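Q: Got a structure for you, written out below as structure tokens; questions coming shortly.
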Amino acid sequence: MAQLFFRYGSMNSGKTIEILKVAHNYEEQNKTVAIFTSGIDDRDQVGFISSRIGLKREATPIFSDTNIFEIVANIKPKPNCVLLDESQFLEKEHVFQLAKIVDDLNIPVIAYGLKNDFRNELFEGSKYLLLYADKLEEMKTICWFCAKKATMVLRVDDKGKPVYTGEQIMIGGNDHYYPVCRKCHANPPIK
């Protein structure tokens, strides 16, 4: 029986590398995967997933008007698994489409993404994945500053000062965001 998985973690918890690993494992067994990513995330190039260790792979970009269910339903042969990167950027309707892929097409869907933003609020995609996923799995990493478990994301400005207000989405990497524990989120030891 297919299920909808939400594998969430802070930055640097290995979400993208895990997608690449899962895709490789399916393909090693001559099974097919459909890989999607947010069209918002243009750090490297729209339509690609890219890990911080340098591995990169093409993926179908998701925009506001993208119907993920229709795309997957029309793939021949039917994929054995659907993988999504940056799923925090999904909209509510996209999450419903993922559930429909699982329920109507009997294809497992594994969505990877951040749970909460730099203000420690849920992203829309994460909120609905937390509500609708059959299985929730935390991917762990350590705090940038103290090595406790990182559960939050700290945003810094161009001068390295912590930022706790502003637009939820600002695409960036390690130059503007850090995985942190709760204590270091509130009082980051930044010099």
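Note that the numbers count up from 1, one per residue, in the order the chain is shown.
Backbone N, Cα and C define each Cβ position, glycine as well.
Sharing the feature lines straight out of Swiss-Prot:
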- Glu86: active site, proton acceptor (ACT_SITE)
- Gly9, Ser10, Met11, Asn12, Ser13, Gly14, Lys15, Thr16, Asp85, Glu86, Ser87, Gln88: ATP binding site (BINDING)
- Cys143, Cys146, Cys181, Cys184: Zn(2+) binding site (BINDING)
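Provide an account of the burial state, proximal residues and distances for the features listed.
A: The Cβ of Glu86 (active site, proton acceptor) has 26 neighbouring Cβ atoms from other residues within 10 Å, across all protein chains displayed. When secondary structure is read from DSSP and collapsed to three states, Glu86 (active site, proton acceptor) falls in the coil class.
Sequence-distant neighbours of Ser87 (ATP binding site) (same chain, six or more apart, CB under 8 Å from its CB) are Phe6, Ser38, Ala111, Tyr112, Gly113, Gly125, Ser126, Leu129, listed in sequence order.
Residue density at Cys184 (Zn(2+) binding site): 21 other Cβ atoms are found within 10 A of its Cβ, drawing on all protein chains shown.
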Q: By the DSSP assignment reduced to helix, strand and coil, which category contains Met11 (ATP binding site)?
A: coil
Q: Out of Met11, Cys146, which has the highest number of nearby Cβ atoms, where nearby means within 10 Å of its Cβ, if these are the binding-site residues?
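A: Most Cβ neighbours within 10 Å: Met11.
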Q: Taking the centroid of the Cβ atoms of Cys143, Cys146, Cys181, Cys184 (Zn(2+) site), which other same-chain residues have Cβ within 8 Å of it?
A: Ile142, Trp144, Phe145, Ala147, Lys148, Ala150, Val180, Arg182, Lys183, His185
Q: Note down the number of other Cβ atoms within 10 Å of the Cβ of Gly9 (ATP binding site), including every protein chain shown.
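A: Taking every protein chain into account, the count is 21.
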